[in-house]
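**Q** I am attaching a structure below and will ask some questions about it afterwards.
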Amino acid sequence: MHELSYATSMLNTILDTINNSDFKDENIKRVSKINLEIGELTFINVEQLKFAFEVVSQSTLCEGAEIEVEYIKPRVLCNNCGYEGDLDAKDEFDILCPKCQSLSLKIRGGKEFNIKNITLEFDEVDKDQ
């Protein structure tokens, strides 16, 4: 289950980014939303990723954050026929050129795992005090 390592890495990256940003001295209440870009060739089970993140983010600013995922289609270059374009990857054992069925492919995209952005909520600060 590599989803746990992705979830842990996500959490560490988000918390490190917040701690090293201009927002670190603000009254951050929590991270409410995390937008991800995930390549289809990572074969990440998003439900397992969400569950793992729920577990590792307990008692942190990220606890309870909503996770939204945008999938990135695989892109390939066929060494046999020269096809360059999208690929329908049904499973990790069936990666063939859609034009000539060759196995001789260069992967040009679809393995990404990016935190696209996060949404922060801030505590209300009473300016009269």
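Glycine residues also receive a Cβ, built from the backbone N, Cα and C atoms like all the rest.
Straight from TrEMBL, here's the annotation block:
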| type | residues | note |
| --- | --- | --- |
| BINDING | His2 | Ni(2+) binding site |
| BINDING | Cys78, Cys81, Cys97, Cys100 | Zn(2+) binding site |
**Q** For the C-alpha pair, I'd like the distance in angstrom between Cys100 (Zn(2+) binding site) and the residue listed as 'Ni(2+) binding site', rounded off.
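**A** Per the Cα atoms, Cys100 (Zn(2+) binding site) and the residue listed as 'Ni(2+) binding site' stand 32 Å apart.
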**Q** In whole Å, note down how far the CA of His2 (Ni(2+) binding site) lies from the CA of Cys78 (Zn(2+) binding site).
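**A** With distance taken Cα to Cα, His2 (Ni(2+) binding site) is 28 Å from Cys78 (Zn(2+) binding site).
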**Q** List, in sequence order, the residues of the same chain other than Cys78, Cys81, Cys97, Cys100 whose Cβ lies within 8 Å of the centroid of the Cβ atoms of the recorded Zn(2+) site.
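**A** Near the Zn(2+) site, the remaining chain residues are Asn79, Asn80, Gly82, Tyr83, Pro98, Lys99, Gln101, Ser102, Ser104, Leu105.
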